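Inspection log for the structure reproduced underneath, given as structure tokens.
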Amino acid sequence: MSTRRTSPSSEGILWVFWLLRLPQLCSTCVAFSLVADMGTLRGAIGNWSMSFWCVCFAMTFIIALVECCRHPSSFPFLWYNISVTYACYAALICLSASIIYSITYVQFVPYGPYRDRAIAATAFSCIASVLYVIEVAGIWDCYELKEIFFYVHTRRSLLKVLETFVAGVIFAFLSNTSLYLHQPALEWCVAVYSICFIPAAVVLLLDLAEWKYMLPVPFSIFQLVLSLLSVLFYISALVLWPLYQFSEELGGQPQRPSDGDCRDELTYDMCAWDQRLAVAVLTAANLLVYVADLGYWARQVSVGTEDQPRDS
């Protein structure tokens, strides 16, 4: 692994703290505090969203603490790649929490103080997402590290971030094991999500730590094979999941019910049929990402090149 080090100015770190870290901390803290104050009325979706805002707050706090307590010259370049990659995930997490929370919960809350709190939490989550996007896009200027190559700014890294993030959201919906335990074909779909997620996460870590050159085969060939296998696996999941979830002949439920948790009113749990549909949509979305990844690596292998660090 490379031992290059960076020396951002103390002024740059302070600017990042006051303009990004502190607003990020405030936004995520206010978001989960507003939802936590709603008590049992926040429901399962509220608990889910609150947990992700708490994770973003905790990680941002740790990063801010490390940056403020350590001397700037002691930071290896890997630290900035990790922090920016985290910011990319945090932006996607806050954006997803805002969308899912507003669609599945906020619109059903009766008008009153609880609805106002839910709307305010969604707004602060959107603000946090924008702040994390600004961090990802402008980290070079913030830290004045134009000579440092940020892995997350490459196409291959963004695809890997999307692949792992979408898989993570799928796993969140699959926490309801009743969606798939009754059918081996659906259990295979869950296995597909896990099988494809693990190599994608490992490749992301290998690239972040610059360990990819330690592999016994060329990295581009390794990535091409993984992408091809992932595309094939996801195609099988895209066929089987909707077939066994929504086909009445195979025990599925083609129409959304209007009773239980699927009533068009405020309920504690998310509608199981909506969870099935969300997994199907996310499976299709992740398949498109893997296809784009496959096309990228096929091109890299055909021309014999890979992404190179940017010039300063």
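Including glycine, each Cβ sits where the backbone N, Cα and C put it.
TrEMBL: automatically predicted annotations, no manual curation.
Annotated features in TrEMBL:
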DOMAIN    12-144  domain 'MARVEL'
DOMAIN    151-302  domain 'MARVEL'
TRANSMEM  12-36  transmembrane segment
TRANSMEM  48-66  transmembrane segment
TRANSMEM  78-106  transmembrane segment
TRANSMEM  118-140  transmembrane segment
TRANSMEM  161-179  transmembrane segment
TRANSMEM  185-209  transmembrane segment
TRANSMEM  221-244  transmembrane segment
TRANSMEM  277-298  transmembrane segment
- Message: Looking only at the domain 'MARVEL' (12-144), how are its residues distributed among DSSP helix, strand and coil?
- Response: 121 helix, 1 strand, 11 coil
- Restricting attention to the domain 'MARVEL' (12-144), give the mean pLDDT. 87
